[in-house]
Amino acid sequence: MYMLGNTKMGSASSFSKFCLTLLLLVDVLGSSNAQLSTNFYSKSCPNLLSTVKSTVTSAINKEARMGASLLRLFFHDCFVNGCDGSVLLDDTSSFTGEKNANPNRNSARGFDVVDNIKSAVENVCPGVVSCADILAIAARDSVEILGGPKWAVKLGRRDARSASQSAANNGIPPPTSNLNRLTSRFNALGLSTRDLVALSASSVNCAGAHTIGQARCTSFRARIYNESNIDASFAQTRQRNCPRTTGSGDNNLAPLDIQTPTSFDNNYFKNLVSQRGLLHSDQQLFNGGSTDSIVRGYGNSPSSFNSDFVSAMIKMGDISPLTGSRGEIRKNCRRAN
């Protein structure tokens, strides 16, 4: 009887330890796999959204192109190891970051604006909001300020402590990409072909977003001189500011959307139908392939484009975020704590 009592007590003790271990495991898993939420900072930083938007509005009022640049930073962040603010990190003695990777060198910009946003946010709620989330909000605000749709941004990302130049070189599709390469890269990140087309209007290869940005001559020189699926008068216009010779005018800029270069709208798709895509990768979306019908649809329906763009932006913002106890909340977006 005594031994039986001891057995029961031992079993109860073991069961209690098991339950405690299980609870601790659930807690750990929950902290590392926490979900993003649109109200993540509602209590810890209630003035966050208005603070970010005020600074973004000021920057875009000074230079409309900055909206495209901020949007592009968010794309380039998410496409390299997830939306973790790594694109903002300066090089250190322990790693070579993303700022001088091929897709970013001499073209990625807006870092000073992000610094200003971070400083303003730190003034109202120090040590609370990640640089990764600031990028996500700034991208949304840029789209809205320039005439595009608005959506609720999911938040709760934390910041990476390091960055990788090689990951940026391999992760971001270059402007020379064909449709298969673009589709493959987007699909690998959980983004559909429809997401690819919607996001390409404001996407990854140039000095800004494609419906509201500009590209460097080096990005489109081969297209305007060598390709046949291009409107002749459009090519001639672009050639005036982009000489054929490499090294001459390499950094000269041209608008990706010739009609409304500082407005977020669906003219980008109308340009593609007219063979006026500035980049090779742009025109690939309308070149007798599987995405032609999507491009036509967006060109005919701004509401369809806006809806799909919002959906795709939210999906992209979900790519491999650091949450819970992973990563950190940087004090300075340019360096780890």
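Positions of Cβ are set from backbone N, Cα and C atoms, glycine also.
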Cys125: disulphide-linked cysteine among Cys45, Cys78, Cys83 [source: TrEMBL]: Cys45
Second cysteine of the disulfide that TrEMBL assigns to Cys217, among Cys206, Cys242: Cys242
Local confidence of the domain 'Plant heme peroxidase family profile' (35-337) - pLDDT mean: 92
Residue from His76, Asp84, Cys131 whose C-alpha is spatially nearest that of Asp257 (Ca(2+) 2 binding site), among the recorded positions: His76
Nearest of the disulfide-bonded residues (Cys45, Cys83, Cys217) to Asp77 (Ca(2+) 1 binding site), judged by Cα-Cα distance: Cys83
Additional residues surrounding Ca(2+) 1, by Cβ distance to the Asp77, Val80, Gly82, Asp84, Ser86, Glu98 centre under 8 Å: His76, Cys78, Phe79, Asn81, Cys83, Gly85, Val87, Ala160, Ala163, Ala167, Ala168
For Gly82 (Ca(2+) 1 binding site), nearby residues of its own chain (Cβ under 8 Å, 6 or more apart in sequence): Ile319, Ser320, Pro321, Leu322
Surrounding CB atoms that lie within 10 Å of the CB of Cys83 (disulfide bond), all protein chains: 29
Nearest recorded site to Pro173 (substrate binding site) by CA-CA distance, among recorded positions Arg72, Val80, Cys83: Val80
